[in-house]
C-alpha cells in the first residue's frame, strides 16, 4: 500500500510539473508596446512606462486588473481625455457660432445696403426733382433713414410713431413750398397736421409704407436678433464645465482600454452613447426650446420671399416718398381748398409762387429695378443651415461616438464595454437630464440642473416669443439680452475628485457595471495569475490533499 501511495505521489509530481509548465506559458505577460505608442503620441515621456503588464491595484479610474499603465500614466491619460473632450465641444460650438454669425453678418449687411442705397438714390435724385423743397428740408429725410436704422439695430424707437412724425413734417414742408405766397403761423400748421387723416394728402402711400415697410423692418430686426441670440446661446452653453463624474467616465471610455491592453478594439456603441448622453445631459435639455427658436426663424425667413419681399420694400422707400410728394402736388388745388375751408385762409405775402414749376419737376420717377436674386439666395442659404442645426444639442454625442471608434453590427461581443472586451449589456439612455437617473456610466444628479443652461433655455423662450410676434406683424421691444457669463474652468492635474482615493464612488464603480456586463470576476490586488489558472491550481491542491488523507488511512 505504501508503494501504491508513492506511485500516486510520483504521478502527481509529474502532473504538477506539467501544470506548472503550462501555467508558466499561459502566464506570460502581454507586451505594452501599443499603449506606449499611444502614450508617446500624446506627448508624454516613456520614462517609467512598463514594458509588459503589471498588477493594477494602483489604478483609480480604470479596472484594477493587469494593466500597462502606471499611476502617472493614468493621471496623464485622465487629463488629456478631459482636454480632448472639451476641445471637441469647443470646436463644434465654434463651428455653429461661425455659421450663425456669418448668416447674421450677410443678412445684416445686405439689409443695411438696401437702406443705404435707397437713401443715396434719394439724395442723388431729389435735388433735381424737387429743388428747394428738398434742399431746404433734407434733414427730415436724413432723420427718417436714421430712425429706420436705429429701429433695425434694436433701439427703443417706436416705428409707427416715427413714420407718422415723418409724414406730418413732410406735409408741412410741401404745403409751405406749394404756397410761398402765404404766411403760415404755428397754429395754422398744427391745424393742418391735425387734419392729416381726413385730408390724406399723400394718398394711400403712407398707409402702404406703414403696413409693408413696418412689417419688413419688424421681421428683419427680429430675424437678425434671433440669429444673434442663437449664436449667443451656443457660446454660453459651451462654458458649462465638465463634471468630475463625466471626466472619469470619458477617461474610462477612451483610454482605459489602452491601459487594459485593448488598444486595437473599438468601443461598444451603446456604452459610448451612455457616457456621452450622461456627460451632455444638461446641454440636451436645450433641444426643445432650440427647435422652437429655429422653427420661428424659418417662419420669419419666409416673410422675405414673394411679391412683398424686403428688396421690393426697403430698397424702394425713396420711390414711395417720391410718389407721395407727387400725389400731393398733383392734387394741390383740391387739397388747398379743403385746408382753407377747415383751417381758414392764411395771410398773403409779397412772394410769388414757384410751386407749379416744382410740381412739373417733381413728377415721380420710377427706378429701374434690376433682377437681383441676392435676398432669395441669402434666405435660401440661411434656411438650409437652420434646418441642418435643428437637432444640434441632441446630436452632440455623435461627435464622439462615430462609426470610426464604435463597433458596428456583428461585433457587439468584440468591443470595449468599460471593463474588458465583451458585450455591453445595459440599454442606451435617452437624451436630457431626466433620462439619466439610471445611467450606469455617469453619476448624474438630475435634481441639480446647470444654471447656465437654465438661463439659456429662458433666453430661447423669450426670443422665440418675439419672433412669433414679429411673424404676426406685431412690433416688439428688443433689448440686448446678452450678458457676460463666465464658466468655471478646470485646473491642471488629476484632482482628488477625479483620481483621489477619497472620491465619491459612482454606480459604475460599485454595482451596475460588473453585474450588467456579466463578465468573469477580475483578480483582486495581490492575486497572481489569471482566474482560470488559479482555479486549476486549487483543484490540483485538493487532489493532493485527498490523496494524502487516503494514504494516511491506508
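The backbone N, Cα and C atoms fix where each Cβ goes, glycine too.
Annotated compositional bias 'Basic and acidic residues' per Swiss-Prot: 353-369, in sequence order.
For residue 32 (disulfide bond), other Cβ atoms within 10 Å of its Cβ number 24. Taken from Swiss-Prot, the feature disulfide bond covers 32-68 (among others).
Long-range neighbours of residue 256 (disulfide bond) (same chain, six or more residues apart, CB within less than 8 Å of its CB): 61, 62, 63, 416, 418. In the three-state DSSP scheme, residue 256 (disulfide bond) is classed as helix. Positions annotated as disulfide bond by Swiss-Prot, on the basis of similarity to another entry: 62-256 (among others).
Feature annotation from Swiss-Prot assigns disulfide bond to 69-259 (among others). Around residue 259 (disulfide bond), taking its Cβ as the centre, 29 other Cβ atoms fall within 10 Å, counting all chains.
DSSP assigns residue 191 (disulfide bond) to a helical segment in the three-state reduction. The disulfide bond feature in Swiss-Prot is assigned to 191-343 (among others).
In the three-state DSSP scheme, residue 246 (disulfide bond) is classed as helix. What Swiss-Prot records for 246-279 (among others) is disulfide bond.
Classification of residue 268 (disulfide bond) by DSSP places it in coil, neither helical nor stranded. Annotation for residue 268 (disulfide bond): spatial neighbours 406, 407, 412, 415, 416, 417, 418, 423, 424, criterion Cβ-Cβ under 8 Å with sequence separation of six or more. Taken from Swiss-Prot, the feature disulfide bond covers 268-415 (among others), and the record attributes it to similarity to another entry.
Sequence-distant neighbours of residue 272 (disulfide bond): residues of the same chain at least 6 apart with a C-beta under 8 Å from its C-beta are 253, 397, 400, 401, 405, 406. Annotated disulfide bond per Swiss-Prot: 272-401 (among others), in sequence order.
According to its DSSP assignment, residue 79 (N-linked glycosylation site) is helical. Here Swiss-Prot flags 79 (among others) as N-linked glycosylation site.
Counting every protein chain shown, the number of other Cβ atoms lying within 10 Å of the Cβ of residue 116 (N-linked glycosylation site) is 12. What Swiss-Prot records for 116 (among others) is N-linked glycosylation site, and it gives sequence analysis as the kind of evidence.
Summarising the annotation, Swiss-Prot assigns O-linked glycosylation site to 486 (among others).
Summarising the annotation, Swiss-Prot assigns O-linked glycosylation site to 488 (among others).
Marked as O-linked glycosylation site by Swiss-Prot on the basis of sequence analysis: 490 (among others).
Taken from Swiss-Prot, the feature region 'Disordered' applies to 346-369.
Annotated signal peptide per Swiss-Prot: 1-21, in sequence order, evidence recorded as sequence analysis.
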For a quick check of understanding: among the disulfide-bonded residues 68, 415, which residue's Cβ has the most other Cβ atoms within 10 Å?
68
Round to a whole number and give the Cα-to-Cα distance in Å for the pair residue 191 (disulfide bond) and residue 79 (N-linked glycosylation site).
78
Here's one to test understanding: among the recorded positions 32, 68, 116, 279, 343, whose C-alpha is closest in space to the C-alpha of residue 259 (disulfide bond)?
68
Counting other CB atoms within 10 Å of each candidate's CB, the least crowded of the disulfide-bonded residues 62, 69, 246, 279, 343 is 343
When the Cα of residue 279 (disulfide bond) is compared with the Cα of each of the disulfide-bonded residues 68, 69, 343, which one is closest?
69
